[in-house]
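S.K.: When I checked TrEMBL for this same protein, it listed these features:
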{"type": "TRANSMEM", "residues": "A:43-64", "note": "transmembrane segment"}
{"type": "TRANSMEM", "residues": "A:76-95", "note": "transmembrane segment"}
{"type": "TRANSMEM", "residues": "A:125-144", "note": "transmembrane segment"}
{"type": "TRANSMEM", "residues": "A:150-170", "note": "transmembrane segment"}
{"type": "TRANSMEM", "residues": "A:191-212", "note": "transmembrane segment"}
{"type": "TRANSMEM", "residues": "A:243-265", "note": "transmembrane segment"}
{"type": "TRANSMEM", "residues": "A:277-302", "note": "transmembrane segment"}
{"type": "TRANSMEM", "residues": "A:314-338", "note": "transmembrane segment"}
Amino acid sequence: MTDTTPKPNNAAQAGTDHAAIDEDITLRQEVSGFGAILRTQPFWVFVAILFIGLVMSFVSDAFMTERNMFNITRNMAFFGIMALGMSAVICTAGIDLSVGSLLGLCAITLGLTMQAGFGIGAGFVVCMLTAAVVGLINGILIAYLKMAPFVVTLGMLAMARSIAMVISNNKMIYEFGPDMDLFEWIGGESVLGIPNVVWVLAILTGVFWWVWKFSTWGRWVVAIGGNAQAAKLAGIPVERMIVSVYVVCSLCTGLAAFMFIGYTGSATNGMGATYELNVIAATVIGGANLMGGVVYAFGASIGAALVELIRNSLLLAGIPALWQQFFVGLFLILAVLLEQIRNRGGK
Amino acid sequence: MSLLELDNITKSFGAIHALSKVSLTIQPGEAVGLMGDNGAGKSTLMKIIAGNFMPSSGEIRIENKPVAFHKPIDARNAGIEIVYQDLALCDNLTAGANVFLGRELKRKFGPISMLDYPAMYKRAGELFAELKSETRPRDLVRQMSGGQRQAVAIARTRLSDPKLVLMDEPTAAISVRQVAEVLALIKRLKETGHAVVLVSHRMPDVFDVCDRVAVLRRGTKVADKPIKETSPEEVTGLIIGAIEAA
């Protein structure tokens, strides 16, 4: 116990001053403040990031440059946005394998809309609508038909990609109509020296932090992850909540797609292939537990940052790019191992 | 007027008759002990009152009005709160969060409403204080002892002002000292006009707090009498079948 408040010494005179004792008990907790932060996974991953950064600043002169930092943060932000949504899904003990394909599908529907001469507003709505529909289908199959999230979203992974190929007629889109300049500015440019997509990630992280801590929706999602049966008995509409979680995850992907296409300046139906693996890796490295019930808003960004940092560091250290996936996988396993060790120590 | 009336409740699972024609009435402020051996139908009867199962036949009346519970939430809305044997708590949430699960207190700022942590922890602390339980509202349930978990589960039922509290083996997994606390709570519930149905294997608990005891054996009610007119020996005989009926 970190709390050192002296217990009222009249505790011995049982019954005389229960109120004071009760007050004392009410205000206590097992760990508080900084101690609680020390116990979280994102904190230790953040320490790892600082450590890698420190090592890299000696290994490569190019690492600490403004340009490189700009690149790292911009590249990680796309994954970070998707990982925020994935955190919600994983918190309910689910998984969404379809985010990579959905990115590709959103890219195509968005691209076709804008190519046809519609404005950026219409493009955005179509992009988010595509995401919402896919999330809704995933959620309904999982929540109401009680199908395994892994299987449903694996099916969606194949279907969404195929639909993207069909409606794009397997063609690349690089013409985005009247609002093309604005569109590419939003995805690819920066404000105050910080990439726009990083601003979006930062704002969204703040929103999610608030949602997890202060909203009923967030509380209920965490409760469902902890004990879905208990949540149901407590009167929480578990099925509706699960549908909403998959929709939220898909909407995050839709938003990432909108920014990503603006950044790359072209949309192909192959976009986002295997991204789901990086997103899930980032989420898990950031402290999510596949058993559910654990979520950190900052975990998504921190996990995504570590994955991108590994990639960048290997590149700058002159290690062949073929090793990248190896190290991402290694850190993923280390993250899970770290969590195991922390849990054992905590008990 | 009786608070709850069960009229000829029968429940079959395929060829198995879990309950046959069980009738039971509960008056406001009355504590009824429901006893019986394993498989006698206690849990099935509890689950029917709690809305987990629909009876195969028979009627449930609350304050003389027939009701049908399709889901546990229907029973709760009718004023019945349940303390489940497996306690139905979320390990990853704090004690206070568990008490308020599904009924969170909120503060409004214009269109935005947010969880009101201070109010919830304060109220949860008061509830734990009423139970004289050293349960800290800010602690995670994962780290708690059986007695503390029980206190959380019981505190949940105190949030609303239920007419009837169903307790499924509330004293099965807790320390001797906390058994006394839980029994004291049941007495306090009675004093404030709440009815309690206590399912328990522990004869002393039932004889301590209950006004009446009903005994089930093989799905039928074999006895239903005031606690003053019976004895632990007689109830034991009824449970195991040494005494046919009373």
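If you go along the chain as it appears here, the first residue is 1 and each next one adds 1.
Backbone N, Cα and C define each Cβ position, glycine as well.
TrEMBL annotations: computationally assigned, not manually curated.
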S.K.: Give residue numbers and ranges for long-range contacts of the transmembrane segment (A:191-212): same chain, 6 or more residues beyond its ends, CB-CB under 8 A.
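M.R.: Tertiary neighbours of the transmembrane segment (A:191-212) are 66, 70, 73-74, 77-78, 80-81, 84, 87, 185, 218, 222, 252, 255, 259, 263, 295-298, 300-301.
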S.K.: Given a Cβ distance threshold of under 8 angstroms, which distant residues of the chain, six or more beyond its ends, lie next to the transmembrane segment (A:150-170)?
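M.R.: Sequence-distant neighbours of the transmembrane segment (A:150-170): 95-98, 100-102, 104-105, 107-109, 111-112, 134, 137-138, 141-142, 267-269, 273, 276.
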S.K.: Quick check: do the transmembrane segment (A:277-302) and the transmembrane segment (A:243-265) share at least 3 Cβ pairs under 8 Å, counting only pairs 6+ apart in sequence?
M.R.: no
S.K.: In the same chain, which residue numbers or ranges, 6 or more beyond the ends of the transmembrane segment (A:243-265), come under 8 angstroms Cβ to Cβ?
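M.R.: Cβ under 8 Å, 6 or more out: 74, 77-79, 81-82, 84-86, 88-89, 91-92, 94, 96, 98-99, 102-103, 106-107, 110-111, 123-124, 127-128, 130-132, 134-136, 138-140, 142-144, 174, 183-188, 196-197, 200, 204, 217, 221, 271-272.
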S.K.: Applying the under-8 angstroms CB criterion, which one of A:76-95, A:125-144, A:314-338 scores highest with the transmembrane segment (A:43-64)?
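M.R.: Selected stretch: A:314-338, with the most Cβ pairs under 8 Å.
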S.K.: Looking only at residues six or more beyond either end of the transmembrane segment (A:314-338), which have a C-beta under 8 A from one in the stretch?
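M.R.: Residues 41, 44-45, 56, 59-60, 62-63, 68, 278, 281, 284-285, 287, 303, 306-307 contact the transmembrane segment (A:314-338) from elsewhere in the chain.
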